[in-house]
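J.: Features from TrEMBL:
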{"type": "ACT_SITE", "residues": "Cys39", "note": "active site, nucleophile"}
{"type": "BINDING", "residues": "Trp72", "note": "glutathione binding site"}
{"type": "DOMAIN", "residues": "147-280", "note": "domain 'GST C-terminal'"}
{"type": "ACT_SITE", "residues": "Tyr169", "note": "active site, proton donor/acceptor"}
{"type": "SITE", "residues": "Tyr227", "note": "site 'Lowers pKa of active site Cys'"}
{"type": "SITE", "residues": "Tyr270", "note": "site 'Lowers pKa of active site Cys'"}
{"type": "REGION", "residues": "293-325", "note": "region 'Disordered'"}
Amino acid sequence: MAGEFQRDMNYIATRITADGRDGYPVEPGRYRLVVARACPWANRAVIVRRLLGLEPVLSMGIAGPTHDERSWQFDLDPGGRDPVLGIERLREAFLARDPDYAKGITVPAIVDIPTGQVVTNDFPQITLDFSTEWREHHRPGAPELYPQDLRAEIDEVGDLVFKVNNGVYKTGFAQSQEAHDKAFHELFEAVDLLAERLSGQRYLVGDTITEADVHLFPTLVRFDAVYHGHFKCNRHKITEMPVLRDYTRDLFQTPGFGDTIHFPQIKEHYYVVHRNVNPTGIIPAGPDLTGLLQPHGRDKLGGRPFGNGTPPGPPPEDERVPTIA
């Protein structure tokens, strides 16, 4: 369809595995996860790293919320360089891997520290590998986010969740009225199906947090602050849909979720970078997000957030985000 947004999903698919079959074995301290607090796709990796307790073995570099056409940049760090990789822009790690690399410079990305080369930016696979290939380095009490007996259902629900994750972009970046209308209706059809599913159960699959919840949360938590207005996804706010409102509150208040969310950087990224959508670059002062701290009542549905495991401890001091209270 003319004017329809198409996401390029052809990422660098090299994997870091326990057996090192792609040439990159799991090794504590060897790799650096590069993210941006603004990005919902990167947010998944930040959450899973937190939940599984991989901080001691996988360091994290944080790019600033804005970027130009060339790359995410490390302008939050002293001197504008990542303190471990020594680079100003993530693009440098991609070009170190492939000098002719001409595709998007995306986060999350994992960089091999000794060579300075990006290993992968395949965000769907990164979090799955954290659960399966990095298992030896999980913290005691780490949850099972991708349990073997639920994988087929998690993958199936994940397809529906992706229609929400990507649907906000298809709606917001549509270049024709027809494309916008189609994306808008497909987005909220998926939203309604997920709300129906969550009306009788606390989490998307089973009675514990899984990869499916990790995928949905970053989009829902950004929805009212960004997607409702900026991307014209304005049938309803999440706060106007009680099931999804309370589900989002529940996860936001769960260790490993809300403590990864940096709303000032999220808003700055979308409203400043997307000048084709917001030509003035003005960042709106609202909305009031303190409702995320209100009681959610979802515990009455049962469920065990971490299954037989335990919550993660507090994030490292240099990875903490501002509170919204």
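From the backbone N, Cα and C atoms, a Cβ is placed for every residue, glycine too.
Here the structure is a predicted model, which means the values were calculated and not measured.
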J.: Roughly how many Å lie between the Cα atoms of the residue listed as 'glutathione binding site' and Tyr227 (site 'Lowers pKa of active site Cys'), rounded to a whole value?
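T.: Computed Cα spacing between the residue listed as 'glutathione binding site' and Tyr227 (site 'Lowers pKa of active site Cys') is 21 Å.
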J.: Could you measure between Tyr169 (active site, proton donor/acceptor) and Tyr270 (site 'Lowers pKa of active site Cys') for me? Cα positions, answer in whole angstrom.
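T.: So the alpha carbons of Tyr169 (active site, proton donor/acceptor) and Tyr270 (site 'Lowers pKa of active site Cys') sit roughly 11 Å from each other.
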J.: Long-range same-chain neighbours of Cys39 (active site, nucleophile), Cβ under 8 Å, sequence gap at least 6?
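T.: The answer is Val107, Pro108, His269.
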J.: Considering the recorded positions Trp72, Tyr169, Tyr270, which residue's Cβ sits among the greatest number of other Cβ atoms within 10 Å?
T.: Trp72
J.: Between Tyr270 (site 'Lowers pKa of active site Cys') and Tyr227 (site 'Lowers pKa of active site Cys'), what C-alpha distance do you get in Å?
T.: 9
J.: Show which residues of the chain containing Tyr227 (site 'Lowers pKa of active site Cys'), separated from it by at least 6 in sequence, have their CB under 8 Å from its CB.
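T.: In sequence order, the residues whose Cβ lies under 8 Å from that of Tyr227 (site 'Lowers pKa of active site Cys') (at least 6 apart) are Val168, Thr171, Gly172, Thr219, Cys233.
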J.: For the region 'Disordered' (293-325), how many residues does DSSP put in helix, in strand and in coil?
T.: 8 helix, 0 strand, 25 coil
J.: Quick one: average pLDDT across the domain 'GST C-terminal' (147-280), no decimals.
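T.: Across the domain 'GST C-terminal' (147-280), the average pLDDT comes out at 98.
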